[in-house]
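Chemist: Below: one structure in structure tokens.
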Amino acid sequence: MIPLRSKVTTVGRNAAGARALWRATGTKENEFGKPIVAIVNSYTQFVPGHVHLKNVGDIVADAVRKAGGVPKEFNTIAVDDGIAMGHGGMLYSLPSREIIADSVEYMVNAHTADAMVCISNCDKITPGMLNAAMRLNIPVVFVSGGPMEAGKAVVVDGVAHAPTDLITAISASASDAVDDAGLAAVEASACPTCGSCSGMFTANSMNCLTEALGLSLPGNGSTLATHAARRALFEKAGETVVELCRRYYGEEDESVLPRGIATKKAFENAMALDMAMGGSTNTILHILAAAQEGEVDFDLADIDELSKNVPCLSKVAPNSDYHMEDVHRAGGIPALLGELNRGGLLNKDVHSVHSNDLEGWLDDWDIRSGKTTEVATELFHAAPGGIRTTEAFSTENRWDELDTDAAKGCIRDVEHAYTADGGLVVLRGNISPDGAVIKSAGIEEELWNFTGPARVVESQEEAVSVILTKTIQAGEVLVVRYEGPSGGPGMQEMLHPTAFLKGSGLGKKCALITDGRFSGGSSGLSIGHVSPEAAHGGVIGLIENGDIVSIDVHNRKLEVQVSDEELQRRRDAMNASEKPWQPVNRNRVVTKALRAYAKMATSADKGAVRQVD
């Protein structure tokens with residue numbers, strides 16, 4: 001038997017002071033000696049994906065208590081990337097991932113909690129908690145707040161926007177064809193309920209990946225935040241984590257720990273899922289970071305290999321009119337994993353917090369398996385309510401029938417894949433010797449080869465300016481540098497530049513490359529995570545206006561057509577300059593907190609984690 005971590009504060013004479021304090025929190029005499037389960041919540045009124053989580057912790061706590069554990073809740077911070085987008089607030093988004101991970105470690109280790117239920121949802125909160133879980137390696141179950149419903153259709157100047165979401169609103173704001181009244185109509189429809197934004201953006205991508213990693217329950221990534229069916233996920237999470245405690249502490253079963261579940265094979269399965277569902281490019285950052293925290297030998301080269309073999313089986317907003325509610329109707333993540341499994345594209349030697357093997361997991365939960373349980377079938381009938389609300393569990397609507405069309409439906413089989421390559425591709429070349437990433441699911445294949453002159457800017461703000469003032473021309477490659485983890489600092493998302501290119505009619509006529517990153521809502525020929533970044537001496541810092549940049553997605557190449565000799569001449573000049581590898585004319589306030597992150601941050605190919613050794 002493995003002693004409970006909390007025993008040092010709950011058992012023996014030396015723990016009298018700690019027990020006195022535990023009693024002051026409401027702990028009962030008969031609870032001392034039981035596993036203390038940290039309910040790691042992230043409720044906030046700042047973020048629609050978290051606004052409904054205030055009372056959810058109580059649901060989990062009740063389930064933990066009934067199962068024999070002692071629940072204790074605390075909260076982490078949560079940044080809304082959409083509200084922080086396009087101004088200095090975005091500098092804080094990626095660094096907040098590290099703050100969240102650290103805060104979870106601080107609370108859990110300071111109070112010797114035995115296990116965790118992580119109630120996350122939005123962009124950096126799930127990754128931050130995932131990093132903490134892999135770092136701490138104690139029993140954990142993830143249960144997110146769930147996706148937002150898609151907005152209802154609106155018609156603006158005869159053009160249908162159906163259904164709507166956050167990206168619809170941002171793109172419409174940059175379109176000359178949309179007047180103020182039309183923009184107001186789109187805005188009012190775009191985000192109708194609580195939950196993580198309704199497309200396959202970063203938040204939903206990461207919540208889906210926790211299913212594939214084996215750390216959350218089936219349906220976690222796709223069951224709507226507003227649906228009553230989601231209550232059972234919270235209850236089951238509380239029950240399950242106590243069972244994991246029993247197996248680890250009582251039976252010394254280390255296979256139930258995060259590092260026993262999220263093995264290299266599980267990480268490979270998660271990235272195979274990511275490729276198949278056309279997930280956000282941010283997932284690569286976060287998966288690489290989580291692997292490092294868990295000491296899993298999984299890097300960008302592994303992702304590159306997977307992307308060559310795994311087809312894209314689903315295109316969801318911003319790459320189609322499908323949204324998470326449609327993914328759910330098609331069977332959610334178990335259906336996607338089922339198609340990958342039938343295609344021989346998954347490692348079978350994996351398990352999860354809820355199942356001892358992959359085959360049993362998919363038999364029970366994949367609606368196309370022919371063996372699906374009634375519970376699973378009922379779950380995937382959960383449909384949107386269509387009513388504006390910030391309340392969880394506010395609808396019990398059901399789809400009349402499920403989407404099982406493997407040829408033309410939301411989730412396709414391997415035979416009917418959108419593309420043979422995965423929805424995410426790693427590009428290398430003299431601009432990105434350590435790698436860059438493109439969401440190939442977001443662009444038509446005829447755009448996979450693009451060559452044009454560079455238009456160089458040194459901040460996201462400058463990029464927005466050249467787009468909105470119509471300075472950039474069709475056929476050009478917009479190069480946005482010094483926006484990497486160190487150079488930004490904070491590796492801003494380029495959602496506004498990509499949305500404004502789309503709204504200006506240049507979404508298919510220009511390319512954008514950056515050492516920054518992209519929102520999960522970005523689309524078009526957008527290449528991010530260029531490594532090394534400019535601030536670390538990357539070639540992206542040497543590109544000049546007019547240099548010819550070539551992009552070849554098929555052959556995974558990203559090159560600037562400048563000789564090695566000329567690049568070396570430019571490098572020598574840069575090194576001899578007064579402020580080498582820094583933006584020349586950028587006016588940006590960088591606080592001490594951000595400077596601290598910048599000094600420790602690695603480039604994107606390492607997950608933009610902090611290097612502290």
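Cβ coordinates come from backbone N, Cα and C, glycine included.
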Chemist: Using only what Swiss-Prot says about Mg(2+) binding by Asp81, Asp123, Lys124, identify which of Glu462, Glu476, Glu483, Glu493 is listed for that site too.
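Modeler: According to Swiss-Prot, the candidate sharing the Mg(2+) site with Asp81, Asp123, Lys124 is Glu493.
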Chemist: Just the number: how many Å between the Cα atoms of Ser519 (active site, proton acceptor) and Lys124 (Mg(2+) binding site)?
Modeler: 12
Chemist: Taking the recorded Mg(2+) site as Asp81, Asp123, Lys124, Glu493, identify the other residues of that chain whose CB atom sits within 8 Å of the mean position of the site's CB atoms, giving them in sequence order.
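Modeler: Once Asp81, Asp123, Lys124, Glu493 are set aside, the remaining close residues are Val79, Ala84, Met90, Ser93, Leu94, Cys122, Thr202, Ala203, Asn282, Ser519.
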Chemist: Cβ atoms within 10 Å, counted per site: which of Asp81, Glu493 has the most, among these binding-site residues?
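Modeler: Most Cβ neighbours within 10 Å: Glu493.
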Chemist: Calculate the distance in Å between the alpha carbons (Cα) of Glu493 (Mg(2+) binding site) and Cys122 ([2Fe-2S] cluster binding site), and round it to a whole number.
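Modeler: Rounded to the nearest whole number, the Cα-Cα distance is 15 Å.
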Chemist: List the residues of the same chain that sit at least 6 positions away from Lys124 (Mg(2+) binding site) in sequence and have their Cβ under 8 Å from its Cβ, in sequence order, or write 'none'.
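Modeler: Correct list: Ala78, Val79, Asp81, Ser93, Leu94, Ser96, Arg97, Ile100.
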Chemist: Once the DSSP letters are reduced so that anything not helix or strand counts as coil, what is Asp81 (Mg(2+) binding site)?
Modeler: helix
Chemist: In DSSP terms, helix, strand or coil for Lys124 (Mg(2+) binding site)?
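Modeler: Looking at the DSSP assignment, Lys124 (Mg(2+) binding site) belongs to neither helix nor strand, so coil.
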